[in-house]
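Chemist: Structure provided below as structure tokens; questions to follow.
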């Protein structure tokens, strides 16, 4: 992977020049360098802001190019029957572990070790199973996919699957569009978490940011699927605590909740949340200027072993290019169209992604591409982005 963006270094270099010019030329209005300080502040603000762009998101364009070069890739689209068996196995494993830990003290090393190694990995797997199912890739019937996602949700212990789908599909349709793509950090997060401690806090409690942020950005209406998701999940949780005392206890539910928390915290598989769309590449001032219409790399893939337990979500450029291709066939897509993916930036380690995000001063909450004027081109035919006036039905489709 190429070196990260050196925005801070560029800022320092520019501010040093301004300071030197101010001293040499006496450019400050009051003779004490006040104007130079204002200029420095303006430059720091500019170079620490998000990566704004007028360009269309890259995946639609690349998808059309790949289909033109390799029309056979369209045959890879469609449901993957294996998904339902993997989900059933992971759900069974988590229920079994919840049973085995029913009498294990919550504040014991055994409880937390099992929750971190097995529980968090399993629940991250279920998070990404729901991600896969949200694209209708477990069954051909949309309704069957909605209902199966509710089943996959059970060990997560918090109703999540029904709300995830519309927000995630909007993320695909309006990648980087401020006010629509809830994967983007809010301005509040960018301001108050712009430090090592702030980024460490974000990485530790990622799960809460991803759960609460969508409701701050915009809310989706309640449907029968949302209601069913809540009723089924709360009934399952209640059964664990109160209805089957010989098999489960409150500790069983706490194990599932802790597994979900750790899956979205400082866990190797949680690195994919940051790795997918935070910009780790070196971005020049020319590329940063949205008026130049130069695309900034905004989706990053990972081809390492953790894909084995995460439905190949690391092949993220491939997934955004072809959301209708299931996890088992994404490597085949990569192989067929490898000339399109060989030169794209990628990560080698999700754990290292988290480490750099926290401790590298040049990487942080603002290292995301945001689209001006609604972002992606609606209907095509122009290089300049139009307003993406999505209707509520399109957003939730």
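Even glycines carry a Cβ here, placed using N, Cα and C.
Here's the feature list from TrEMBL:
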REGION    1-35  region 'Disordered'
COMPBIAS  19-35  compositional bias 'Low complexity'
DOMAIN    45-83  domain 'Sphingolipid delta4-desaturase N-terminal'
TRANSMEM  147-167  transmembrane segment
TRANSMEM  187-212  transmembrane segment
TRANSMEM  224-248  transmembrane segment
Chemist: Using Cβ atoms and a strict cutoff of less than 8 Å, what residues sit near the transmembrane segment (224-248) while being 6 or more residues removed from its termini?
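Modeler: Contacts of the transmembrane segment (224-248) (Cβ under 8 Å, skipping residues fewer than 6 from its ends): 98-99, 102, 146-147, 150, 153-154, 157-163, 256.
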Chemist: Express the predicted model's confidence over the domain 'Sphingolipid delta4-desaturase N-terminal' (45-83) as a mean pLDDT, rounded to an integer.
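Modeler: The answer is 88, the mean pLDDT of the model over that range.
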Chemist: Helix, strand, coil: count each for the residues of the domain 'Sphingolipid delta4-desaturase N-terminal' (45-83), based on DSSP.
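Modeler: Grouping H, G, I as helix and E, B as strand yields 23 helix, 3 strand, 13 coil.
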